């Protein structure tokens, strides 16, 4: 065997890549005398031992080696000690050996165990077989599927060494591998570097980068790249549309999402189920539940993903009854729910306080559908029970879980303790949270607020000191609104906005109308040791109030105002926005950290249960 001429690939640690002694051990295979082997056996061997019997039959019958199914020979021997035996067969047929191995690489890369393709490529490189561009593309695809940037980087180096750097298809595959990979050096940065120096780019190149930025949580960069793609005249395909719509969903970029929707319809993508599912998700997350439902109703084909997205959308928007109705319809027509469906249903029950219904859905997962609850489902149940004041039951559920509770589960209990003012269980939850997620500022803030609400100022100060000692910084709250394609962000007490003076003047005028309509500032939500006047000034400068006032100033009358907020809406802002919606005759849609609030005619879609 030839010595490797490049650094060997890091061998994956997955058990599936190890040689399988059972398949190559004679005593574990049924022994068949050559005389009893019929011609069909030549094509149906499943182990290296059976292959050798079939091979013996070929030799005894004086038949050509090409009679053996060569791709099957490769797949049976690829990851066993019989690799060289397979090579000895391939060298006797009139077909390039690399072509045969490429077929096997492709099958592994596109199958359930892409790491097997990486292991096979390692064996190929340690032989005297020269990889071609197809070889490299298949193993790069395997690296992408397994999110293995380390091995992908080595294959990239081999591509350069073999002189394949000008191959556009390979370059696209490399960009996709880096963009989708997870690595301590940051794959998306390497993807961008390669993308920037590519002498030629195709729609696949642009789409790989856009999808990569979306996947790593940088939706703004994804949208910037999409706009650059448009500027150079490149037209997106279905995959591009899905990636850009996902970015719009993350940012709440409704205007761009609508434009991409129009483009998609113009390109004939209306029948593409994946595009339609992403459109549903985008409109839901941008606060346009009615349009999402319209897209859903107009779909010619719906999958369980379509139904689950719509159910989850109703849950996010506080329409629990509609979510349950849609599930009933889904069940009647024979669509089987999956894990995501039940997450949506349990969220719907949690946001509407439907405790009994939630219990029934949780039980039916295993009893009717054979779905084992995951940590997300337990988190939903703890949230449902905690919001409903059943804190002890929620605590018992956590203790009885067959899997270890994570920060989300304990955080749901802590949130319920804040609502229902249970200091003892809050301390128990925090004891676990400070170990599971020590850098999450939200948990410290909630416990501090629970203490402050109980008048235990010394304990509240102790928690804040613990935050400082651990170097945990409080996440500043912000709200944003998009006006004429421009995103405007506000923080509490913001004076940096170009229209700050005008915003505060408009707020003072609006405040007078609010007070005439019965608004009384709820200073209890300001958990700081200060006088009432100071607390009112803090309340009046919350970021969501500033964003709404700016929206009233800069958008046409009677048009909806859509706000994005990174934290939970406070009780005072919630009460104020209900009155503002009535006074201004506006629909105000706020997407906070957990859900949507649709304020209209003095009411909220959450029915004051959040």
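Each Cβ is built from the backbone N, Cα and C atoms, and glycine gets one as well.
Where the annotation comes from TrEMBL, it is an automatic prediction and has not been curated.
Annotation comment: TrEMBL describes 1-29 as region 'Disordered'.
If you look at the repeat 'PPR' (202-236), the same-chain residues 6 or more away from its ends with a CB under 8 A from one of its CBs are 168-169, 171-172, 175-176, 178-180, 187-188, 191-192, 195, 242-244, 246-248, 250-251, 253, 256, 263, 267. Residues or ranges marked as repeat 'PPR' by TrEMBL: 202-236 (among others).
Taken together, the residues of the repeat 'PPR' (272-302) have an average pLDDT of 95. As annotated by TrEMBL, repeat 'PPR' applies to 272-302 (among others).
If you look at the repeat 'PPR' (303-337), the same-chain residues 6 or more away from its ends with a CB under 8 A from one of its CBs are 273, 276-277, 280-281, 284-285, 287, 289, 292-293, 296, 343-345, 347-352, 354, 357, 369, 371, 595-598, 604-607, 610. Feature annotation from TrEMBL assigns repeat 'PPR' to 303-337 (among others).
Long-range neighbours of the repeat 'PPR' (338-373) within the same chain, counting only residues 6 or more positions beyond its ends whose Cβ lies under 8 Å from a Cβ of the stretch, are 304-305, 307-308, 311-312, 314-316, 318-321, 323-324, 327, 330, 380-381, 383-385, 387-388, 390, 595, 606-607, 609-610. Feature annotation from TrEMBL assigns repeat 'PPR' to 338-373 (among others).
Within its own chain, the repeat 'PPR' (440-474) is flanked in space by residues 407, 411, 414-415, 417-418, 421, 423, 426-427, 430, 433-434, 524, 527-529, which lie at least six positions past its ends and keep a Cβ under 8 Å from the stretch. The repeat 'PPR' annotation in TrEMBL covers 440-474 (among others).
TrEMBL lists 518-610 with the feature domain 'DYW'.
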Secondary structure composition of the repeat 'PPR' (338-373) [DSSP: H/G/I, E/B, coil]: 27 helix, 0 strand, 9 coil
